[in-house]
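Working notes for the structure below.
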Amino acid sequence: KIMLLCLIFTIILRCFHEIITIGYSVYHSYHLPWFRTLSWYFLLCVNYFFYGETVTDYFFTLVQREEPLRILSKYHRFISFALYLTGFCMFVLSLVKKHYRLQFYMFGWTHVTLLIVVTQSHLIIHNLFEGMIWFIVPISCVICNDIMAYMFGFFFGRTPLIKLSPKKTWEGFIGGFFATIVFGILLSYVMSGYSYFVCPVEFNNDSNSFTVDCEPSELFQLQDYGLPPVLQSITVKLYPFQIHSIALSAFASIMGPFGGFFASGFKRAFKIKDFANTIPGHGGIMDRFDCQYLMATFVNVYIASFIRGPNPSKVIQQLLALRPDQQLHIFNSLKAHLTEKGLLPALEEAA
């Protein structure tokens with residue numbers, strides 16, 4: 001997973017470079033003072049903010065154990081804002097009278113690029129920390145849809161889908177949809193059986209290392225599902241995650257391509273064929289990941305809305321970081337609440 005994080009960060013840098021370079025070439029902005037430096041400085045600031053938030057959220061115990069990390073975590077948002085404010089002031093000081101409009105164009109261009117690239121990549125990393133399966137299945141579904149839509153369109157395509165991409169057809173769009181649904185269900189079945197893919201990344205205090213070993217949740221345990229009344233006597237065993245994979249596959253098939261359409265419209269607006277020539281014959285990195293960013297956002301929202309519940313371990317970690325008097329106050333409040341509910345006496349009798 002460390003290698004995956006490094007790969008994601010490399011992709012962030014490359015995608016940012018490709019989009020910023022288009023801005024330079026389109027607006028002929030090579031002569032703007034400090035602008036290349038400021039663009040990369042803002043990238044550094046935004047990455048520091050997002051990665052710092054991620055580390056504090058997922059590895060709270062580790063952060064609290066190390067004094068330098070604890071201080072950085074406590075004042076993380078203030079430090080991030082101070083860094084951004086420094087860049088903002090540098091931009092204002094770099095303004096040149098004859099280039100005001102162009103400089104503000106490029107300032108906006110940089111911030112939109114950061115929104116598209118860094119924010120979405122941050123969500124991808126969050127998905128990865130929830131378990132490899134939340135990272136691999138969505139990405140694989142987008143790739144599968146791209147391949148199957150092309151194949152169905154190549155052999156059966158007759159009806160144009162959208163003017164932005166003349167080669168896209170309704171036949172390819174519909175064929176890709178059903179093929180991706182089947183693929184998502186099968187891939188989810190295979191991956192749900194391995195704890196390495198379904199367990200979230202956690203820091204183990206005993207071994208002082210990061211682990212992906214856990215007791216799989218009900219989401220990744222086989223359950224019996226009855227078929228419709230016509231086939232009432234038949235039951236099938238499925239992982240609940242396979243049901244969720246249908247939603248992921250459907251989004252990859254229906255909304256995912258719109259990321260590609262957006263990229264096509266963007267390139268047509270600036271009269272370019274590809275974002276770059278990083279991959280011979282296939283354009284730049286951004287050309288390969290235009291659909292993935294929408295998918296990453298959807299998966300993150302889906303997990304937050306339908307999957308993730310209160311995390312007892314995180315609550316305990318935060319409680320242990322409080323002062324003793326605060327811990328005692330919470331203990332007494334919780335004890336009173338459990339007593340009122342009638343749970344504490346039952347637990348005492350059982351003891």
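In case you wondered, yes, glycine gets a Cβ from its N, Cα and C as well.
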TrEMBL annotation of transmembrane segment - which of the ranges 241-263, 287-309 it falls on: 241-263
Candidate ranges 6-27, 34-51, 103-125, 131-157, 169-191 - greatest C-beta contact count to the transmembrane segment (241-263) (under 8 angstroms): 169-191
CB contact flag for the transmembrane segment (103-125) and the transmembrane segment (169-191), at least three pairs under 8 A: no
Folded-back contacts onto the transmembrane segment (78-96), same chain, C-beta under 8 angstroms, at least six residues removed: 32-35, 38, 41-42, 44-46, 48-49, 52, 72, 103, 107
